[in-house]
């Protein structure tokens, strides 16, 4: 495998980079191979990983617990599945440095700025930093706000959102498409400005170029009515020309029940008569029934699944805003971290069969074993963390699986289970 070749011959500049590579690099290589990337493209993306992601993982093991994964790891691999195409590999990533969480950089701003600067030098296809700069200006703490938050006690243990920004990388066609993420929680704590107001202000300022305010207003009306905004809400965008980018709003909800999912999918009934929304809801309900998720109110308070077994993870919601679209497009992330991995893989395979995706249905359980050859998936419960689903009229169903993304168990545990 290409990752094995690089492990043997690459001279890593620091011990931390070598340790992170051994923990995340071969696994990344197995994801590339399992998803069907050719050998040339595997090398291409592995080199991108080594040159750009590895130096931004910071000290090993990580001292900063990232908000982007259930275990606090700063990196997450995911696979997207659609009709008549091989899986698409993505990387979610919060850059870290030796200063992250220290008095020099208590809220981890330095590493993100350094990585953005590095990406700007790579001449990535259609890469644009306008929206990244916009949202970091809107949500990142100023010096005075950081000092104010420190006086309030800073980040309170493990129970509060710690991250301010993150990146996503879609690996398709030999290219790297970059996404940005900005979290509103710390700004809310430092300033007292409600999260919904912070997000509304940031989007209103983009209206002359993005023309999505009407769609956002439908979403915001529902969020205000249902008290849906909270410290875990965040914004995402494509790092392309501002007039072509999508915006996505994310958040969590502890009511893991079908009634709440249906309510949120239809924005409290506001878009329930739309044919695409109806079709998507029917498919979503079928996936829900296959996964057999235990219904109830979760006690998620911002901790990490490595500490609580994963059974308290909430639902994640996501609404996409597109230029000229009359309403937001919903996506839901069902928590499966803490559920038996073999059973989850069988449920995913059954759902693929229901969709008529026979190749994906046949290959998925084998793919999971190929990615984690040293794990007995009939015994593990933490390899698959989330399953997301969306539906639109043009491309049909759209399903992604998010995975535990390191070779070693999280935070010094003796086993991944």
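Cβ coordinates are placed from backbone N, Cα and C, and glycine is handled just like the others.
Given the structure is predicted, the values throughout are model-derived calculations rather than measurements.
Record note: Swiss-Prot gives 90, 179, 181, 248, 250, 398, 402 as dimethylallyl diphosphate-binding, and the candidate from 10, 12, 37, 333 in that site is 333. Within 10 Å of residue 92 (site 'Required for regioselectivity'), counting C-alpha to C-alpha distances, fall none of the binding-site residues 248, 250, 333, 398.
The full span of the recorded dimethylallyl diphosphate binding residues, 90, 179, 181, 248, 250, 333, 398, 402, taken as their largest Cα to Cα distance, is 21 Å.
When Cβ atoms from all protein chains are considered, those within 10 Å of residue 179 (dimethylallyl diphosphate binding site) total 21, not counting its own. Least packed by the Cβ count within 10 Å, out of the binding-site residues 250, 402, is 250.
Of all Cβ atoms in the protein chains displayed, 17 besides its own lie within 10 Å of the Cβ of residue 398 (dimethylallyl diphosphate binding site). Residue 248 (dimethylallyl diphosphate binding site) counts 20 other C-beta atoms within 10 Å of its own C-beta, drawing on all protein chains shown.
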